[in-house]
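Novice: I have a structure here, written as structure tokens, and I will follow up with some questions on it.
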Amino acid sequence: MSEQFLYFLQQMFNGVTLGSTYALIAIGYTMVYGIIGMINFAHGEVYMIGSYVSFMIIAALMMMGIDTSWLLVAAGFIGAIIIASAYGWSIERVAYRPVRNSKRLIALISAIGMSIFLQNYVSLTEGSRDVALPSLFNGQWIVGSSENFSASITTMQAVIWIVTFLAMLALTIFIRYSRMGRACRACAEDLKMASLLGINTDRVIALTFVIGAAMAAVAGVLLGQFYGVINPYIGFMAGMKAFTAAVLGGIGSIPGAMIGGLILGVAEALSSAYLSTEYKDVVSFALLILVLLVMPTGILGRPEVEKV
């Protein structure tokens, strides 16, 4: 294989890795918007909290002498999902339910206030400095090599791909075949009609926040291990990128969030490799603007029909 092709292949691996985590976070945005038509701008902080919870659990278990990587990560996942889900439920109860029928601006201010509160809460309790995470997966597989360059897949990248696939598969099965999943789809189609048909819409909305928070927690664990460092402010940019992915794919569409996340991740990786790392954010948001100019509802978004 040529060196140029191997370099391109490596960037594709990196882009799919990053895009997979964006897709996980984007699901929370797209599910909440699909049902109540609001954006949860505190969602990125839930991702950040998931990272911190997994770090504390893994560090505690390592101090107890447990050093099996898969066991440590599994414990981190379970703890992060439980705590982040509780935060997601609390955000819906405190920041959204009281203002659900108010003007959109009030809900937006409430969400931003919750985001700032969570950032500062973690900063005060855990400190504002970067925290280094223990590296649990250090292996790699060489896919191809030339005289000066080799393309490889790290064990952590493979873990991210597998976990993301399983999480997406579980969510798809839940939405399509479970009773609560069908209730979520009914509420996304017409919230008022679903309420008239006897569906407990408050419970469905709360469940939507919980599912989104759980997905964000999974992404928090994965990205924490991938980058090896976390701080109380990582949620803001990750949340903005995931929101961009959701809009890019068509906000309100779960497959759209998946596609948007992968496109955004690949675009960032390629721009970092062939232009400069300083341009990756510019390229990401420019791509969003370009897509919205051509397809205002995103790649898989449906145009809203005004009912009269």
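Residue positions begin at 1 at the first shown residue.
Cβ from N, Cα, C; glycine included.
Copying in the features that Swiss-Prot gives for the protein in this structure:
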- 1-21: topological domain 'Cytoplasmic' (TOPO_DOM)
- 67-70: topological domain 'Cytoplasmic' (TOPO_DOM)
- 92-104: topological domain 'Periplasmic' (TOPO_DOM)
- 126-154: topological domain 'Cytoplasmic' (TOPO_DOM)
- 176-203: topological domain 'Periplasmic' (TOPO_DOM)
- 225-246: topological domain 'Cytoplasmic' (TOPO_DOM)
- 267-280: topological domain 'Periplasmic' (TOPO_DOM)
- 302-308: topological domain 'Cytoplasmic' (TOPO_DOM)
- 22-42: transmembrane segment (TRANSMEM)
- 46-66: transmembrane segment (TRANSMEM)
- 71-91: transmembrane segment (TRANSMEM)
- 105-125: transmembrane segment (TRANSMEM)
- 155-175: transmembrane segment (TRANSMEM)
- 204-224: transmembrane segment (TRANSMEM)
- 247-266: transmembrane segment (TRANSMEM)
- 281-301: transmembrane segment (TRANSMEM)
Novice: Return the average pLDDT for the topological domain 'Cytoplasmic' (302-308) as a whole number.
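Specialist: Summing pLDDT over the topological domain 'Cytoplasmic' (302-308) and dividing by its length gives 55.
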Novice: What counts of helix, strand and coil residues does DSSP assign across the topological domain 'Cytoplasmic' (126-154)?
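Specialist: Secondary-structure composition of the topological domain 'Cytoplasmic' (126-154): 1 helix, 13 strand, 15 coil.
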Novice: For the transmembrane segment (155-175), name the stretch out of 46-66, 105-125, 247-266 with the most CB-CB pairs under 8 Å.
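Specialist: Stretch with maximum Cβ contacts: 247-266.
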Novice: Considering only Cβ pairs within less than 8 angstroms, which of the stretches 105-125, 204-224, 247-266 has the most against the transmembrane segment (71-91)?
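Specialist: It is 204-224, which has the most Cβ pairs under 8 Å.
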Novice: Using a threshold of three or more Cβ pairs below 8 Å, and leaving out pairs closer than 6 in sequence, do the transmembrane segment (204-224) and the transmembrane segment (46-66) count as in contact?
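Specialist: Yes, the stretches contact each other.
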